[in-house]
Every structure is written in C-alpha cells, then in structure tokens.
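Colleague: Structure below; questions to follow.
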Ligand SMILES: *[C@@H]1O[C@H](CO)[C@@H](O)[C@H](O)[C@H]1NC(C)=O
Ligand SMILES: *[C@@H]1O[C@H](CO)[C@@H](O)[C@H](O)[C@H]1NC(C)=O
Ligand SMILES: *[C@@H]1O[C@H](CO)[C@@H](O)[C@H](O)[C@H]1NC(C)=O
Ligand SMILES: *[C@@H]1O[C@H](CO)[C@@H](O)[C@H](O)[C@H]1NC(C)=O
C-alpha cells in the first residue's frame, strides 16, 4: 500500500516537474512569433514599425574565384558569395525565454526580402540567385547567404595586353526602394574583404586579384534616387604564357630574319628562308586574332608589335627580291658582254698560242710541231702538247676570273642596297625594341 502511494507520489512528481520544464522546441518560438499561422504581411511589407525608418542592408561580397575573363565578349565570370543582412523589427525575442535559442531558419517566401540586383549581371539566369532559407536572429536580424556564378560585363582595356590590369565594377542596387528607404552598406570594410577574398580564393586562372574597393554612390533614375554599392575589383593578368607563346617567338623570328642577311645570296635560299619566317609570323597573328576583340578605339600594343614585325620582315623579303633581281640582271648583262668578249678572247688565245710556239721555233725545236694534228706526236711532244693545253686553259680561266672579279655596276648596287637596308633594318629593330619597352612593358604607374 505504502509502495503504491509512493509510486503515485513519484508519478505526480514527474507530472509536476515535466509541466515545469520549459518547452525548448522551435515550434514554441515559431508560435510565439506567429509565423506558422501565417502572417503573409511579413513577406510583403518592409519590416519596419514606422515607414519613415530607413532599412539598412548590410551586404558583403566575397570573391571565391575568377573563372574566366572573356576578352571578346568583355565579360568577367566569377564565383561570388554574397552575405546580406537586414533588421526585421517584428520578429524579435528574448533568447533566455526559449532555452537560449537565438537563431531559427525560415523559408524565404515567408519573409520580406530586399530586391537587390547587380547592374553588370549578364548571365542568362538573371540577377542574384536567392537562397531557399533565411536565418532569423533573436535580435530580429535576417541573414541571407548566396553563392553564385556571376557573369558580369566589364569594359576591358586591352591596350597593354598581356601586361594589363582590369578594373571591373560589381554594382548592387535596389530597383524599387529609394535612397531614403533602403540604404546599402558593407559589414566588413574593404581591407578585410580583399584580404579574405585573397585568402579563400580557390581558383583565379591567369588572373591575380590586386584589390577590392567599395564605394557607395547615389544613382539617379527617372527622377528617383537609388542607392548604389559598388565593388571595384582590380585584377591583373599573369603574362608569362603569352610571353612564351607569342612575344618570344616573334622576337626570335625577327632576329632570325636579321641573321638571314648573312646568308650568302645563293638565289632562292635566302628568299625562301625569309618567306618561311613571314609565314610563321602570320600563324602567330592568327592565334592573336582569336584572342583579341576587334575594338577600334585603341589597337592593343601586341597587335602593333605583330604588325610591325610582319611589315619589317615583309620589307626585308622585298629587299631580298630586289637584290636577287639586281644580281641576276648583272649576270645577264655580264653574259652578254662575255659573249661579245669571247671573240676577243679567242683571238687573244691565238696570240697566246702562237707566241710560245714562235719562241720555241726560235729555240731548239723546229717545224715538226706546227702540224701537230697530222701525225701522232712522240713522247716529248705529247708532254709539250699537254703543257700548252693546260696553259691555255689556265689563261682562259684567269680571263673568266677577271671578268667575274670585276664587280659590275648592278652587282655593286645590289651590295650597297643590301648593306644600307641591313643598317636601317638594324636601327629600326633597336628603336622598335626601345619604343616597345617604354610603351608596353614598363608599368604606367
Ligand atoms: C515616425 O518617424 C518619424 C521620423 O523619424 C517621426 O517624426 C514620427 O513621430 C514617427 N512616428 C511614430 C508613430 O513613431
Ligand atoms: C531576457 O529575459 C531575461 C529573463 O527573463 C532578462 O533578465 C533579460 O533582461 C531579458 N533580455 C532582454 C534583452 O530583454
Ligand atoms: C567603377 O565605378 C567607379 C565609381 O563610380 C567609377 O569611377 C569607375 O569609372 C567605374 N569603372 C568602370 C570600369 O566602370
Ligand atoms: C578595417 O577593419 C579592420 C578590422 O575590423 C581594422 O583593423 C582596419 O583598421 C579597418 N580598415 C579601415 C581602412 O578602416
């Protein structure tokens, strides 16, 4: 009996204590906030008790990655994480009344969300992708986290490509709430934003994040005044790949072309070498054309570089043609002169042949030799015959050498043209390099 009483007392005690234990469920909080029974007004109105109160929206954007910069389309594709928070004056509670519960997640559709857009957004899927849930703090702050792939337009200045820096703006603004109703701010200052972005950056491809600056600006539109929060992202290109695949080969080709002036002008060889160099340059030009947009306002420095080299090599091909033509012309004239001279040479040969014969006649040997072809000569005569033939041959060769050695007018002209052009070419090359260095590689700052 006493045992039964004790059990009853125990059960009663449990009942009392359980009724005294506070309900720590989310449900109690949601009921307290009147959320489930829904209050659709909460998702419609800007959550302020006095409509003149300005809602201050804190918006931080972290850059997770620079995925692509499209020079032709002038867009920057990045991976961003946007954190927004704003106060909701109706949804506050004292966390100590709810077992210390100070945060609850609420579907986005149940709460008011500011209509923030990115002005530069060029992605098909439209503006900011909204998350499905908001976090609600006990103080009434609503937090929203968004991660998205953002394609934003950015006016790229490619004048100093590939040693360029780009400044891209990402502008957040509201489309409906004017400046006096919705104000945009950042939670962290820009030093922190840039530092953290640099730290968390997973991929940035060929780009290097230089810094992020944040400014706010009013934006006038149809006589209305909107608030603008601008993230100015400065990125610089890592130029090594372009230096290796474009600039160094072009430079080497130009040096090769310079060196080809030292090839002895063996007709086609020099010319075909130069033409090969010209073709290689045009291949590199094609690669370049794939990369750069055809904006007309400022021709990128690298295009000037390529075209200048192409022109220089082209001119040197022309020059090689002129030199070859001059030499050919000279040979042609020389041949004509030689054929005129040949008769003269033959008569000379006769004289030469006659002279020694005459001398020998004067010496020991007599009439026997003058009729050489008639009968087969004896041993000594054979030697003499050979000697004479060799002498004649030598003299003829000597004559021809003299003809060749004597530089005629056109050959001389060709040589002069060649050396003068080489001098000018070398000077142009050097001044071109200096000009390029000053305008291109050197930092403008
Ligand atoms: C609403 O705010 C305005 C300006 O801050 C103030 O003048 C007005 O008294 C407020 N109204 C109420 C009911 O608090
Ligand atoms: C929350 O409630 C506790 C106890 O009920 C009280 O001491 C505290 O001041 C309250 N805090 C706020 C911000 O009202
Ligand atoms: C970015 O915004 C700043 C501030 O309004 C402006 O001065 C700058 O020209 C903008 N840059 C670009 C590339 O639009
Ligand atoms: C930015 O914030 C950090 C930490 O909050 C602070 O140390 C730093 O001085 C701030 N920089 C500027 C420019 O306000």
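From the backbone N, Cα and C atoms, a Cβ is placed for every residue, glycine too.
Note that the structure is predicted; figures quoted are calculated from it, not measured.
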Colleague: Using TrEMBL as the reference, determine which range in 220-239, 240-259, 340-359 is annotated transmembrane segment.
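Modeller: Based on what TrEMBL states, transmembrane segment spans 240-259.
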Colleague: To which of the residue ranges 301-327, 382-408 does TrEMBL assign the term transmembrane segment?
Modeller: 301-327
Colleague: Summarise the domain 'Neurotransmitter-gated ion-channel transmembrane' (246-326) as counts of helix, strand and coil residues per DSSP.
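Modeller: Counting residues per DSSP class in the domain 'Neurotransmitter-gated ion-channel transmembrane' (246-326), I get 67 helix, 0 strand, 14 coil.
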